[in-house]
Amino acid sequence: MISPDAARNVVGIIGNVISFGLFLAPVPTFWRICKRKDVEEFKADPYLATLLNCMLWVFYGIPVVHPNSILVVTINGIGLLVEGTYLLIFFLYSPNKKRLRMCAVLGVELVFMLAVILGVLLGAHTHEKRSMIVGILCVFFGSIMYFSPLTIMGKVIKTKSVEYMPFFLSLVCFLNGVCWTAYALIRFDIYVTIPNGLGALFGAIQLILYACYYRTTPKKTKAAKDVEMPSVVVSGTGAGGGAAAGGGNTGGGSVSVTVER
């Protein structure tokens with residue numbers, strides 16, 4: 001008979017793998033940016049939001065705040081590196097106006113995180129209080145990121161077309177939410193359950209919409225579309241981003257993905 005802790009670790013490792021895939025979802029977009037040496041109309045907002053989400057989840061998962069959550073730390077730590085790389089590329093190929101805005105937002109995020117860290121460590125002296133404060137912040141930002149697909153789902157219903165909602169990303173977002181929700185339920189963690197439960201719910205709705213409107217989607221020989229999907233993960237994409245992936249995971253944070261049909 002497998003123990004609850006062992007089962008939780010297995011589910012968490014699977015969640016790490018799925019969330020990592022979500023964090024890598026924007027790679028085609030950034031490959032395009034690097035090739036053209038221009039960010040064009042892409043915005044850094046989704047990646048800045050996912051970065052903040054990952055920072056919060058990393059802080060939540062460290063032993064002094066919420067013990068026995070190392071798998072939350074690992075995937076969101078990876079999310080921090082991935083999102084930082086995206087933002088570096090974005091910075092290199094952005095005009096000065098966008099660079100200044102990025103620096104301003106990043107500065108606000110760092111000041112906010114510093115305030116949270118100092119406030120929690122100096123003002124709360126038990127794991128329960130620290131987990132509650134940081135957990136509420138994670139739920140708030142993670143839930144906002146998971147609400148981001150609502151605009152896409154509304155467009156699918158209005159146009160009766162899933163052109164802007166790739167099946168694979170919808171499926172991975174659903175699996176990510178289910179996996180991290182299961183992880184949180186094995187050793188009940190309300191702060192991981194809420195945002196990832198929402199992620200699983202919205203992922204399921206996207207899959208249902210895909211089944212309903214796939215046949216009515218106009219067929220095109222070739223088109224390149226930029227779509228936005230949640231990256232918050234526990235990861236989020238997020239417990240997560242993402243973180244994550246996140247960030248997500250996880251914002252509203254989201255990731256821009258170029259899909260060629």
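Each residue's number is its place along the chain shown, starting with 1.
Including glycine, each Cβ sits where the backbone N, Cα and C put it.
Listed in TrEMBL:
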TRANSMEM  6-25  transmembrane segment
TRANSMEM  46-64  transmembrane segment
TRANSMEM  70-93  transmembrane segment
TRANSMEM  105-126  transmembrane segment
TRANSMEM  132-152  transmembrane segment
TRANSMEM  164-186  transmembrane segment
TRANSMEM  192-213  transmembrane segment
REGION    239-261  region 'Disordered'
COMPBIAS  239-254  compositional bias 'Gly residues'
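Pairs of Cβ atoms less than 8 Å apart link the transmembrane segment (164-186) most often to 192-213, out of 46-64, 70-93, 192-213.
Contact between the transmembrane segment (6-25) and the transmembrane segment (70-93) holds: at least three of their C-beta pairs are under 8 Å, each pair 6 or more apart in sequence.
With a cut-off of 8 Å on Cβ pairs spaced 6 or more residues apart, the transmembrane segment (46-64) and the transmembrane segment (192-213) reach fewer than 3 such pairs and are scored as not touching.
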